[in-house]
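What TrEMBL records for this protein:
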type    : residues                                             : note
DOMAIN  : 21-251                                               : domain 'Radical SAM core'
BINDING : ARG30, LYS84, THR112, LYS173, ARG269, VAL270, ARG271 : GTP binding site
BINDING : TYR43, GLY88, SER136                                 : S-adenosyl-L-methionine binding site
BINDING : CYS264, CYS267, CYS281                               : [4Fe-4S] cluster 2 binding site
Amino acid sequence: MMTEPLADDFGREETGALSDDFGREVTGVRISLTDRCNFDCIYCHNEGLGDTRGPMEPEDDEMTADEVVRFLEVVEEYGVRKAKFTGGEPMLRGDLEEIVRRTPDSMETSLTTNGTFLPGRAEALREAGLERVNVSQDALDPEAFAEITKSGAYDRVLEGVDAALDAGLDPVKLNMVVFEHTAGYVEDMVYHVAENEGLQLQLIEYMPELTGRPEWSIDIQRVHDWLADIADRIEHREMHDRKRYFVNGGMIEIVDPVENEEFCANCGRVRVTHEGYLKGCLNRNDDLRPMGEMSREEIREAYEETVANRVPYYGEYLKKNGSGEYEINERYIEAPKSTTSD
Ligand SMILES: Nc1nc2c(ncn2[C@@H]2O[C@H](COP(=O)(O)OP(=O)(O)OP(=O)(O)O)[C@@H](O)[C@H]2O)c(=O)[nH]1
Ligand SMILES: C[S@@+](CC[C@H](N)C(=O)[O-])C[C@H]1O[C@@H](n2cnc3c(N)ncnc32)[C@H](O)[C@@H]1O
Ligand code: SF4
Ligand code: SF4
């Protein structure tokens, strides 16, 4: 089947974006607003920061709204045109609407959430300037959902998806982690998004790097092959070189970062932890860089250094040895380039 390149969806027009030594421009930031969560998904990587379990109350170490906005204003100077808010559960932040409202207008603003707090807040988020939302929904089955998320909030999540659609936060991407516990629900989800306007599906390959349990992984190539057979059309997204399959009018995107050098070679995002550390790669915790007291000058310095030190995880930070297995490139063991935290 013909695969068509997609129009640039990653804002690589003349933005003045910084590039790393591997020619990867950074045009997006992904900000964790908290590492607290009301779910306890069995697979959760928490954006590479460890366990989400713990108290639900706001914590002192979280960046304030002012700090988040200052950071966004600074990286806007560097051509960043996409801001993604995530967590933990970002909707546990009562000031999310304020943060979204104060996000620079030049940025496409989106949110990844478990959906439970969207009823009652989706409208206000839309009014504040949020453009779209990704909602995690791993199955169309309340029992499987409860087993995976350790929560009984299935109906509430469905209400959240409806609230987002009603508020015009579309397309709503349903995020489904594909692993042993969900593989049997992929087909249902594919037809679910085909039948429901405004929905898209994002099938995320289970990443065992930070969570352990490699035995839960399934071969994502099988899902690609099945979709390629039934798809009317296939596109490539510039971000991460992700594939998008169109089935009966529904769009299904596969996020397959595990041992995927092409994915890392097309990675143009810097992450920020809820505590205000810059992070060049989801899978690493040895490249965290504090932004000090978050003065504009400190943010600029830390951001420039972070971009300059980014390396593709698969293919450079990890390299294949003689037996074809990935191991840490000696360069990054001998000369760590950053302050290490946790
Ligand atoms: N390894 C790796 N995984 C990623 C990366 N970006 C996204 N993912 C995986 O995909 C999950 C879902 O991403 P989302 O926050 O919903 O958004 P997205 O797909 O990155 O972005 P949009 O499709 O533009 O909304 C993440 O939590 C990761 O598990 C990345 O740069 N590296
Ligand atoms: C860490 S959550 C944070 C936002 C929000 N709490 C949510 O669940 O959507 C962001 C995304 O990461 C995905 N995710 C978490 N752990 C993962 C893993 N081990 N492998 C692949 N994706 C994972 C989740 O499914 C979710 O879509
Ligand atoms: S809802 Fe999101 S942050 Fe919370 S445990 Fe699940 S994947 Fe992790
Ligand atoms: S370098 Fe690879 S693993 Fe790291 S954040 Fe980018 S795509 Fe993910």
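Numbers run from 1 along the shown chain.
Backbone N, Cα and C atoms are what each Cβ position is placed from, and that goes for glycine too.
What TrEMBL annotates, mapped onto the structure for a quick look.
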residue : record                               : DSSP (3 states)
LYS84   : GTP binding site                     : strand
THR112  : GTP binding site                     : strand
SER136  : S-adenosyl-L-methionine binding site : strand
LYS173  : GTP binding site                     : strand
CYS264  : [4Fe-4S] cluster 2 binding site      : helix
ARG269  : GTP binding site                     : strand
CYS281  : [4Fe-4S] cluster 2 binding site      : coil
Legend entry - Residues among the binding-site residues TYR43, GLY88, THR112, CYS264, CYS267, CYS281 that border ligand 4 - Cβ under 6 angstroms, in sequence order: CYS264, CYS267, CYS281
Inset, instruction - Within 10 Å of LYS173 (GTP binding site) by C-alpha distance: pick out those among the binding-site residues TYR43, GLY88, SER136, CYS281, and say none if nothing qualifies. - result: SER136
Legend entry - the domain 'Radical SAM core' (21-251) [mean pLDDT, rounded to integer]: 94
Inset, instruction - Provide, as an integer number of angstrom, the distance between the C-alpha atoms of CYS264 ([4Fe-4S] cluster 2 binding site) and LYS84 (GTP binding site). - result: 18
Inset, instruction - Do me a favour and check the Cα-Cα span between CYS281 ([4Fe-4S] cluster 2 binding site) and VAL270 (GTP binding site); whole Å is fine. - result: 7
Inset, instruction - Around the Cβ of CYS281 ([4Fe-4S] cluster 2 binding site), how many other Cβ atoms lie within 10 Å? Please give the count over every shown protein chain. - result: 20
Legend entry - Protein Cβ atoms within 10 Å of VAL270 (GTP binding site), excluding its own: 25
Inset, instruction - Taking a cut-off of under 6 Å between Cβ and any atom of ligand 2, tell me which of the binding-site residues ARG30, CYS267, ARG269, VAL270 pass. - result: none
Inset, instruction - Give the subset of the binding-site residues TYR43, GLY88, THR112, CYS267 lying near ligand 3, defined as CB under 6 A from any of its atoms. - result: GLY88
Legend entry - Residues close to [4Fe-4S] cluster 2 site centre defined by CYS264, CYS267, CYS281, Cβ within 8 Å: ARG24, PRO257, PHE263, ALA265, GLY280, LEU282, ASN283, ARG310, VAL311, PRO312, TYR313, TYR314
Inset, instruction - Among all chains shown, work out which of the binding-site residues LYS173, ARG269, ARG271 has the most CB atoms within 10 A of its CB. - result: ARG271
Inset, instruction - Of ARG30, GLY88, THR112, CYS264, CYS267, the binding-site residues listed, which put a C-beta under 6 Å from ligand 1? Please answer none if none do. - result: THR112, CYS267
